Amino acid sequence: MSCPASPSAAVVSAGALCLCVATVLLATGSNPTALSTASTRSPTSLVRGVDRGLMRPTTAAALTTMREVPQMAEGFSGEATSAWAAAGPQWAAPLVAAASSALALWWWAARRSVRRPLAALAELPTAVTHLAPPMAMFTTTAKVIQPKIRGFICTTTHPIGCEKRVQEEIAYARAHPPTSPGPKRVLVIGCSTGYGLSTRITAAFGYQAATLGVFLAGPPTKGRPAAAGWYNTVAFEKAALEAGLYARSLNGDAFDSTTKARTVEAIKRDLGTVDLVVYSIAAPKRTDPATGVLHKACLKPIGATYTNRTVNTDKAEVTDVSIEPASPEEIADTVKVMGGEDWELWIQALSEAGVLAEGAKTVAYSYIGPEMTWPVYWSGTIGEAKKDVEKAAKRITQQYGCPAYPVVAKALVTQASSAIPVVPLYICLLYRVMKEKGTHEGCIEQMVRLLTTKLYPENGAPIVDEAGRVRVDDWEMAEDVQQAVKDLWSQVSTANLKDISDFAGYQTEFLRLFGFGIDGVDYDQPVDVEADLPSAAQQ
């Protein structure tokens with residue numbers, strides 16, 4: 001049967017069909033064989049049409065059970081005369097009403113089409129839609145997604161781009177396998193982005209470790225894309241399961257005691273114990289579980305106003321920035337959020353639950369950087385928090401018998417580093433220098449080198465500096481690298497920014513955080529934003 005040429009014709013056709021069926025029902029009464037095929041017990045073409053139109057886009061449970069489907073067919077066969085003798089008149093009235101409604105709608109559309117034919121046709125589906133229940137076959141979450149940047153935040157994410165980026169890191173970890181034994185059951189607190197994600201990938205695909213991750217990221221909602229961390233975690237779990245590796249992720253606030261309890265239960269049930277605990281949290285605020293007080297971190301110097309140059313990444317402009325010093329309360333709050341207290345609480349919870357394996361290690365990520373960034377970083381509020389992390393490492397080692405190491409990593413483009421004044425300009429210059437020298441590393445390169453050469457080296461003992469830190473910022477802090485960056489710092493301006501720095505590389509890396517700018521992804525094609533977390537079924 002050909003489709004009606006227009007919405008109006010469709011309405012008329014439907015009304016006429018309903019009217020004809022009603023007439024036949026009334027005429028046949030107790031002889032419904034006129035509606036069935038005499039030589040079969042199957043539904044007629046009309047019923048098969050209903051089956052094709054309704055059963056396929058919905059589940060069988062939504063309409064009838066599969067056991068009831070044969071009964072429906074029998075109801076339309078010539079042998080069910082007693083049922084149809086009563087059903088004919090009952091069906092006729094609703095069908096006549098439906099036919100009348102359809103003809104009335106056609107008449108309304110025809111009148112409006114005299115004045116506004118295009119508008120009438122556009123409004124007709126809306127007028128009809130509210131009369132019928134919504135059908136899943138007409139909904140979709142596929143859309144074209146392009147980056148939308150506001151300051152140092154990208155408000156959109158691309159599911160396929162995020163997945164491809166995770167796959168790239170997995171490929172790198174597999175291509176650089178360890179040469180000595182390493183962790184086998186790993187807990188990563190903050191597993192969905194940055195160093196946490198790359199550490200998890202290295203542990204799983206380098207050491208074949210079972211990994212349990214804790215993260216906080218919003219899933220897709222009402223057709224809106226999820227956070228990048230959600231898509232990253234989904235992609236990681238899929239790849240791990242395909243490789244036959246245990247991978248489970250808990251979505252929750254790492255600062256919350258309930259999340260710690262859920263994690264302990266998951267370890268007890270699935271892993272027994274863990275031999276490496278990775279703490280990789282960067283957050284703007286934290287509620288103290290003991291007091292219920294909300295603390296907010298800030299990025300400010302201490303003691304005096306700090307003025308230096310930075311880059312406006314939206315406009316590609318080098319400008320001066322002045323930052324007022326933090327108050328004592330702001331310093332204390334920043335330490336409360338970004339210091340070592342929560343790391344310590346995690347190890348306490350794991351130790352008291354008996355889920356730390358003998359010889360287990362724990363690491364927390366930190367940064368020191370060059371002196372030009374110290375006023376706003378190492379000597380500022382965030383630096384006070386990082387120094388507290390080092391104090392916590394000593395307490396953890398002494399109190400719980402679990403060796404704890406602050407890991408000082410390289411400056412990289414992350415959502416956190418993008419928010420720190422001065423640092424983005426430093427990174428643009430640093431990338432230029434290190435790429436020219438062939439020593440540039442991203443997150444995955446850093447974490448592969450951390451685990452294979454620093455934390456689990458061939459001699460077995462972690463390699464630390466005089467303060468007990470594991471350093472993977474050693475290539476960044478090399479004297480020749482820092483001197484070259486200083487020379488460029490004194491020259492850089494808006495006019496030459498793109499010539500003497502790797503500003504283009506900075507922008508590319510920033511977009512990649514959200515799944516954009518990935519080779520092999522067609523960003524002009526619609527993509528489904530829905531993505532289920534494989535391990536969610538276990539929770």
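For all residues, glycine too, the Cβ spot is worked out from N, Cα and C.
The feature transit peptide is assigned by Swiss-Prot to 1-68, with similarity to another entry given as support.
In sequence order, I189, G190, G196, A254, D342 are the residues near I281 (NAD(+) binding site), counting only same-chain partners six or more apart with C-beta under 8 A. Residues or ranges marked as NAD(+) binding site in Swiss-Prot: 190-195, 216-217, 253-254, 281-282, K386, 412-414.
If you take the C-beta of Y367 (substrate binding site) and look for same-chain residues 6 or more apart in sequence within under 8 angstroms, you find Y377, K386, V408, A409, A411, D473. Y367 (substrate binding site) falls within neither a helix nor a strand when secondary structure is assigned with DSSP, and so counts as coil. Summarising the annotation, Swiss-Prot assigns substrate binding site to Y367 and lists similarity to another entry as the type of evidence.
Per Swiss-Prot, the feature active site, proton donor maps to Y377. In the three-state DSSP scheme, Y377 (active site, proton donor) is classed as coil.
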